[in-house]
Every structure is written in structure tokens, then in C-alpha cells.
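K.L.:
Once you've had a glance at the structure underneath, I'll fire off some questions.
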Amino acid sequence: MENISDLWNSALKELEKKVSKPSYETWLKSTTAHNLKKDVLTITAPNEFARDWLESHYSELISETLYDLTGAKLAIRFIIPQSQAEEDIDLPPVKPNPAQDDSAHLPQSMLNPKYTFDTFVIGSGNRFAHAASLAVAEAPAKAYNPLFIYGGVGLGKTHLMHAIGHYVIEHNPNAKVVYLSSEKFTNEFINSIRDNKAVDFRNKYRNVDVLLIDDIQFLAGKEQTQEEFFHTFNALHEESKQIVISSDRPPKEIPTLEDRLRSRFEWGLITDITPPDLETRIAILRKKAKAEGLDIPNEVMLYIANQIDSNIRELEGALIRVVAYSSLINKDINADLAAEALKDIIPNSKPKIISIYDIQKAVGDVYQVKLEDFKAKKRTKSVAFPRQIAMYLSRELTDSSLPKIGEEFGGRDHTTVIHAHEKISKLLKTDTQLQKQVEEINGILK
């Protein structure tokens, strides 16, 4: 086995790809490998809080990553600096992942126990993908086969794939379910050729009931692996076995992917997942806090949700970073503390250019007004007042002229825009509820 420091550095590089940036920066980056004795890898964490968190949240992922790198089933122990001198004491290590047992052809325990349909937060950006995944889980190979889910990093594709696997196994314990990444498929295929075990490899993946394969875009350019996966796909599909595939883009946009594979990916259902809206981001944070037994003020939830809008991993990682920071400096969690905790991971980006459309959408989200109603002739208070707020913000946050603003609101006269701006400006001086609503809208627009 390679030098222990080199091994751990290699593991950290892989772990950095698998967790959010905040999680990596907070929990993993500062760890070091202490020693390796009798198949037990001892990792040094910076403090007790980090050690306990790593043990409860990352030991399984670390075991899996090390197994992928070395092929060895290593147990994991976490220590803190002052306990290094005592590392020879026979303390019970974290048990290696049972999925690493070579006798288990079907690594069902590779499924993350936290990734179920019950823990998935449904929002406008993932509702259809969730419904399709549930339909596939309830009736494998009868609903959509294959199911192709695509979207950006950390949006929930892997969560849905694991949820499908859990559901199938729960309702049919004898089902053969395999989850793996396309990278692992490629590595195992290459190893099978090198070791003259191609038949074993094919039997392993062509005799399953459900194949869940993640990040299929990494097959691009790998001609031999694509050839092998093509035949694996055909074998499973012909036997009415379910195939679920994920990617960061739709099949037609994956470069150097063979047309015959592309067409097969399009046989079933293709569904996408988009970044969560503010409401969904807050719901995700609340669910994460509840799952971890954390009491987080609403103002902190809103702050984090406004600052982190890229993906769910970053969002949850930011929440945990805030909690860790609060614990380490022994201060209560509030918005100011959250800002301090996240200052290093929230990039100082250029000021966002806000359009009138952005404003209409944000105001519409807060006041439950359809976009078309901003341009309509409706004068009911439920529409007219939000329209005036949107006009006010368009005047405040964009460089658009009065006539241009009026045009974007159904061709209204510039005097209407002036009146709306004056009215809302006056109300904001005394109306605390309106102040909060406008603040919420501004948060969405950041």
C-alpha cells in the first residue's frame, strides 16, 4: 500500500468531489492520517467536535472511498491531537462498510440510508423527477425504462436514485439492486480485462433487477466502456430489468457519446432537476436541522437560503458549518454569527444585474401573483398593490427609464410608475410588514 500520507491525500481529493465545499472545508480539509496498523487507519481531527461529527457522518463515506482506492477493507478511527500518544490503546474502530465484502456481488448497502423518499424535499424544481422516480420504484421496468435524470451537481439526482433502491428492497427484499457510478463501472471493467475476469464482470451487472448508474456523462470518450455498457443495457432491458441513469446534462448534450447509447437513453423518460427556489431551500434546511436535532432560528435559515442558491449540498454544508462555528466559539446562533461563519465560502461576486423580469418574478413569488397579471389590466388590490411594489423596485434596482418600466407592466404610462414609486416609498417609512416583505424580495433578488 502507498505511503499513508499520500493515500490520505488521494482520499481527500476523492472526498472533495463527493461532498459540498462547506462540508469539505469544515470537516475534512484539516484532517491528517496518523497511522495505519492492522487494517485500521487512524485519522487525526482538529478537535473533539470535529472528531465526533466525522465518526457519525463521514466514516462510511471514507471507508467506501478508501476501498475504491485500495481494494482493502480498512476500519477507521478518529482521534484528536492530544490523544495521539494513546493511539496504541485497543479502542474499537469504526467498522468497515459491510458493502466492501467481496463475497457480496450485490452491494445493496452502498445505498445511503439517509437517501429515501421520506427525506427528499419536494419543490417546483424536482417535483416531476420525484414523481417519476417513485413510479419507477413502485413498478420497476413497468413505468419508465430507462429513467434518465439530469441536472447540476448537488440537486438531488443521487438522492432519488438511492431512494428508488431503498424502496425496491423494502418492498422486495430478494430484489438484486446495484448502485454505482459510471467511473466505478469503468474501473471495474478495465480491471476485469486486466485480470481476465470479463465473464465475472458481465455476470455481476447483467443479472440484477435494478441497475442505478450515476454520472453517466463520464462514459463520454471511453469507447470500450461504452461498448460494454451498451451490451449491459441491452441485456437488462431485454429481460425487463429496471435501469436508472443520472447525468449532469441530457443525452443529446453528452459529447462523444455513441448514438446507439444516446438513443437507448431516450427510450424511456428523461426528466430534469433544477436548483431549488427560496421556499424549497428553506424547507431543505428545516428538514436537515430536524434530522440532526438542531434548533436553528428562522432568520438564520432565511439568511443561509438567500446566500446559498446553487445546490443542496452547499446549502446543507453551510448550515452545518454555522452550527460547528457556533459550538467552537460557544456563542448562540444568529444571522450575524452565520455571516461570520460563512464569510470564507460565499464568494464576493460582482453585483448581480437585476432585470424587471427578475423583480416581477420575485414579487410574484412573495405575493402569489402570476407573471402575466403584472401586465394585465386587473385592478383588484391583490394584483394592483404587488404591481406597484414591482414598479417601485424596478425604479430602485434597475437603470430602466420610466417609459421602459411602464412598457414592461403592460404598456402603462410613466406617470403610473411615478405614482407607484411615491406611494410605496411613503408606505415603507411606517409599514413594518411591508418593510419585511420588501426585504424578503430583495433577499430573493441578491
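Cβ coordinates come from backbone N, Cα and C, glycine included.
What Swiss-Prot records for this protein is below:
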type	residues	note
REGION	81-109	region 'Domain II'
REGION	110-326	region 'Domain III, AAA+ region'
BINDING	Gly154, Gly156, Lys157, Thr158	ATP binding site
REGION	327-446	region 'Domain IV, binds dsDNA'
K.L.:
Sort out for me which one of Gly154, Gly156 has the most neighbouring CB atoms within 10 A, since those are the binding-site residues we care about.
P.N.:
Gly156
K.L.:
Restricting to the same chain and to sequence separations of six or more, state which residues have a Cβ under 8 Å from that of Lys157 (ATP binding site).
P.N.:
Ala129, Ile149, Tyr150, Gly151, Asp214, Ser246, Ile273
K.L.:
As a test of reading the model: what is the averaged pLDDT for the region 'Domain IV, binds dsDNA' (327-446)?
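P.N.:
Looking only at the region 'Domain IV, binds dsDNA' (327-446), pLDDT averages out to 88.
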K.L.:
Just to be sure I understand the packing, how many Cβ atoms besides its own are within 10 Å of the Cβ of Thr158 (ATP binding site)?
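P.N.:
Excluding its own Cβ, Thr158 (ATP binding site) sees 21 Cβ atoms within 10 Å.
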K.L.:
Using the Cβ centroid of Gly154, Gly156, Lys157, Thr158 as the reference point for the ATP site, which residues of the same chain not in that list have Cβ within 8 Å?
P.N.:
Gly151, Val153, Leu155, His159, Leu160, Ser246, Ile273, Asn311, Ile312, Arg313
K.L.:
Three-state secondary structure of Gly156 (ATP binding site) from DSSP?
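P.N.:
Gly156 (ATP binding site) sits in coil per DSSP, no helix or strand.
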K.L.:
By DSSP, what is the split of the region 'Domain IV, binds dsDNA' (327-446) into helix, strand and coil residues?
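P.N.:
Residue counts in helix, strand and coil order: 80 helix, 0 strand, 40 coil.
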